[in-house]
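**Q** I have a structure I would like to understand better, so I am pasting it below and will then ask my questions one at a time.
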Amino acid sequence: MDFLRIEGGKTLNGSVPISGAKNAALPLIASTILSKQSVQIDNLPDVQDIKTLLRLLQNLGASYQYEDGLATIDASKLTSTVATYDIVRTMRASILVLGPILAKYGRCEVSLPGGCAIGQRPIDLHLQALEQMGAKITIKAGYVVAEAPNGLKGSTIIFDKITVTGTENIVMAAALAKGTTTIINAAKEPEVVQLCEVLKDAGVQIDGIGSDELIIEGTDREPIEMRAIHVIPDRIEAGTYLCAGAITNSTLSIENVIPHHLDSVLVKLKQMGFPLDVNESNITIHPARTIEPVEIVTSEYPGFPTDMQAQFMALALLANGASIIEERLFENRFMHVSELKRFGANIQLKGNIATVIGPTELWGADVMATDLRASSALVLAGLAAKGTTNVHRIYHLDRGYEKLEEKLNALGANIQRLSE
């Protein structure tokens, strides 16, 4: 198993290109099931989750070619509607095939999903919504079995709480349903917006894109004509590299970004004292004279993203005073706290609120990644620490960050990927 060895204390310099967004790419790949012909998707990040979903589609009878961030996928005629445990267990996003397969073929079986161990992330909201659209759903031997032999019917779906993958699943299901589906309390994330825009470009009538109420006119099981897709840049990767610049007190630029997707992150960096230059597709961060403590509450987009919480906790270790971080979306997303303490961090936990007491002198340590974003926080702490840090179980990192150590080394970091 691989681990990363980081020699800390290096100043970073230069610019880093931001990859396509994994969380946008996954629903876009799933949406090719709705297409009547092959679909090209470019700017795909070279990360494990993308390869896993492509392999899942191949298992279902799709064909694809994938090289240098460009995939050509033909999922127009699947030969199976069963997404098996051996692939689904490694990735939660596998559930995204449920909506499109059920809508198109009238039946789908998906093994209950795996992925990061950060809280329950129940798929009940997906299943209840599909039942409202006429599906019969049972759980058998660890599989969700969904049946709608006469197709799905448009309905009014009110999500009890905002769900990104739930919104995406129902948008795809509604695209091929009969009649009008209204989704109330829909997620507004840029990744959801891109999926809706791609489907609209393919002829599906969708109103309210970018709002919390989506109205979708279904095609009554008529496959759609999808065009080439360019995946939006990864706002979480972008935020992580901005934190890498901040935590090493460096001047660093990120390229190929959509700055307004990062508004909530940029506000917090400015509050902490980091000067920012923002233009159309680039952001440059400069060193802070003093790093100020910050208060962060995670929430759905356009609020502060839960996927940036761990990275800001690492950064807050260097702030002059106490920072307060409240996690409102997941109940088990502070697993990185015990690992950050191995660097010397002073963090007090009470329920879903972490108080980070700074400034802390960080020392290199052996640490273990617990989930995707927590692992990037450990890398950030390692960059700032004195001495050598070894980050173990980095398969979490490889699920979501493309060439992380290569990109950081190009900026002046000293990181090696080694085998245990």
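Just so you know, glycine gets a Cβ as well, placed from its N, Cα and C.
Swiss-Prot lists these features:
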- LYS22, ASN23: phosphoenolpyruvate binding site (BINDING)
- ARG92, ARG121, PRO122, ILE123, ASP124, LEU125, ASP307, LEU329: UDP-N-acetyl-alpha-D-glucosamine binding site (BINDING)
- CYS116: active site, proton donor (ACT_SITE)
- CYS116: 2-(S-cysteinyl)pyruvic acid O-phosphothioketal (MOD_RES)
**Q** Where among the binding-site residues LYS22, ARG92 do you find the Cβ with the fewest other Cβ atoms within 10 Å?
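**A** Selected from the binding-site residues LYS22, ARG92 on minimum Cβ neighbours within 10 Å: ARG92.
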**Q** Distance between PRO122 (UDP-N-acetyl-alpha-D-glucosamine binding site) and ASN23 (phosphoenolpyruvate binding site) at the Cα atoms, whole Å?
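**A** Distance between the two Cα atoms comes out at 18 Å.
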**Q** Do you know offhand how many angstrom separate LEU329 (UDP-N-acetyl-alpha-D-glucosamine binding site) and LYS22 (phosphoenolpyruvate binding site) by C-alpha?
**A** 20
**Q** Of ASP124, ASP307, the binding-site residues given in the record, which has the fewest other CB atoms within 10 A of its CB?
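**A** Result for the binding-site residues ASP124, ASP307: minimum number of other Cβ atoms within 10 Å at ASP124.
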**Q** Reduced to three states, what secondary structure does DSSP give LEU329 (UDP-N-acetyl-alpha-D-glucosamine binding site)?
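**A** Coil, per DSSP.
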**Q** What's the CA-CA gap between ILE123 (UDP-N-acetyl-alpha-D-glucosamine binding site) and LYS22 (phosphoenolpyruvate binding site) in angstrom, rounded?
**A** 20
**Q** For ILE123 (UDP-N-acetyl-alpha-D-glucosamine binding site), just count the other CB atoms lying within 10 A of its CB, please.
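**A** The answer is 19 other Cβ atoms.
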**Q** By Cβ count within 10 Å, point out the most packed of the binding-site residues listed: ASN23, PRO122.
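**A** Selected residue: ASN23.
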**Q** Relative to the Cβ of LEU125 (UDP-N-acetyl-alpha-D-glucosamine binding site), which residues of the same chain, six or more apart in sequence, are found under 8 Å away?
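**A** Looking at Cβ-Cβ distances below 8 Å from LEU125 (UDP-N-acetyl-alpha-D-glucosamine binding site), excluding near sequence neighbours, one finds PHE159, ASP160, LYS161, THR163, GLY166.
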**Q** Enter the number of other CB atoms within 10 angstroms of the CB of LEU329 (UDP-N-acetyl-alpha-D-glucosamine binding site).
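**A** For LEU329 (UDP-N-acetyl-alpha-D-glucosamine binding site), the 10 Å Cβ neighbour count is 20.
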